[in-house]
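A short write-up of the structure that comes next.
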Amino acid sequence: MYGHLSLSALSLFAVVAAAPFRESWLQPRDSPVSQLFRRTAPDPNSNDYMSYYPGPGSTPNVSTIPQAWLDKLATVNLPNVPVATPDGGRPTYPNNEDDGDSTICSFTDQCRVEDDLYSPPGEKIWALSFDDGPTDVSPALYDYLAQNNISSSATHFMIGGNVITSPQSVLVAVKAGGHLAVHTWSHPYMTTLTNEQVVGELGWTMQALSDLNGGRIPMYWRPPYGDVDNRVRAIAKEVFGLVTVLWDSDTNDWAITDEPGQYSVASVEAYFDTLVTGNRTQGLLLLEHELDNNTVEVFETEYPKAVGNGWTVKNVADAFNMEWYLNSGKGNNDVVTTMSVAGTLTTATPTNTSTYVASSTAASSASVTDSAGVSIASAASSEASSSWAIANRPSHFVIAIACGLALAAIMV
């Protein structure tokens, strides 16, 4: 009977047949299908770009935190460590609890845990990193890194508020191959924040960096002032899969001033010399900054000395033989596994116009474990850019028409 149908009739059949497919494709927001899609990153060139994030310069309001992040937090069995109180730059704990004991384990008191990254393995490996970017001097630093072919050998621990105010600088670092990591949203003493505030500081910075780096989710974070304890470590690791990165030597480049008797460019460089030009062979993970001209000058002076003395610079991930990102391998061009921050799959919504909605992990998602041993939710499919793939996916309407035409050719 089909042999007598005209081509136009078969095409019409294809159009009609396509309707149920399109209806099933347009799933409600809370359906498992929609939960599989990555959030669409806002355009950093658009006038409303910053409206998709909390305001810079202060801890994000808890009301801006996606519910999925809070739901994940609720599943974490946190250690019994109280919130610390700010006390002149050294957070203190109730009842004069010892912040250096194994229960609290604050790095302010030089306490570390096994999972912390502290000194890289291997001889004369310099795990190169810069905190506090992007800033006004970041372009000059990035130019120097590029000129010396070491852009991909540097980890940039970026402040979320700086990221959204200077997205073009971040894009320069990404294009050059720089490794992006988290330095919180507003650079607070993290142990003095509530659990929810810790989530906001970390999660929003991860989201802002991911949005500018093809959906790659940061895997590493460095606590401002080195202020971290076991409660904050647990939130970073169990909610977001973040690895805590500390340092084995503070260059004090951040403290350089013109005041007599204080740190100067010359004194910081003199200390730097003892690390990279002496007989030391143990790996280095230094505290350095892309903060101002002084910090950049120190690095540009010391880098040639280190190389001349046999040191090899690597970014933090490579120095510890680990992956760069939670959902990608090494580099900013590796394939991205479809997932989003805290294993959720969401759509961007301006935070100043409506509540940010983040879906929970879809039932059809697979549980995978990253190299740090953290279980994260990852969609079963892997696409280099799922948002691109979705936007360019042939519609069922088109597919149905094509099938109808093919059927017509066979039947005639």
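Positions of Cβ are set from backbone N, Cα and C atoms, glycine also.
The signal peptide annotation in Swiss-Prot covers 1-18. Sequence annotations record features per position, and here Swiss-Prot assigns N-linked glycosylation site to Asn61, Asn149, Asn279, Asn293, Asn352 based on sequence analysis. Annotation comment: Swiss-Prot describes His289 as active site, proton donor. Annotated GPI-anchor amidated serine per Swiss-Prot: Ser387, in sequence order, evidence recorded as sequence analysis.
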Three-class DSSP secondary structure - Asn293 (N-linked glycosylation site):
helix
Which residue, out of the glycosylation sites Asn149, Asn279, Asn293, shows the minimum number of other Cβ atoms inside 10 Å of its Cβ in this structure?
Asn279
Find the shortest Cα-Cα separation between Asn61 (N-linked glycosylation site) and the recorded positions Asn149, Asn279, His289, Asn293, and name the residue that gives it.
His289
Cβ packing number for His289 (active site, proton donor), 10 Å threshold:
24
Cβ neighbour count within 10 Å of Asn61 (N-linked glycosylation site):
13
In whole Å, how far is the residue listed as 'active site, proton donor' from Asn149 (N-linked glycosylation site) when you measure between their Cα atoms?
19
Pairwise CA distance, Asn293 (N-linked glycosylation site) versus Asn279 (N-linked glycosylation site), rounded so that it is a whole Å:
29
Rounded to the nearest Å - Cα separation of Asn279 (N-linked glycosylation site) and the residue listed as 'active site, proton donor':
25
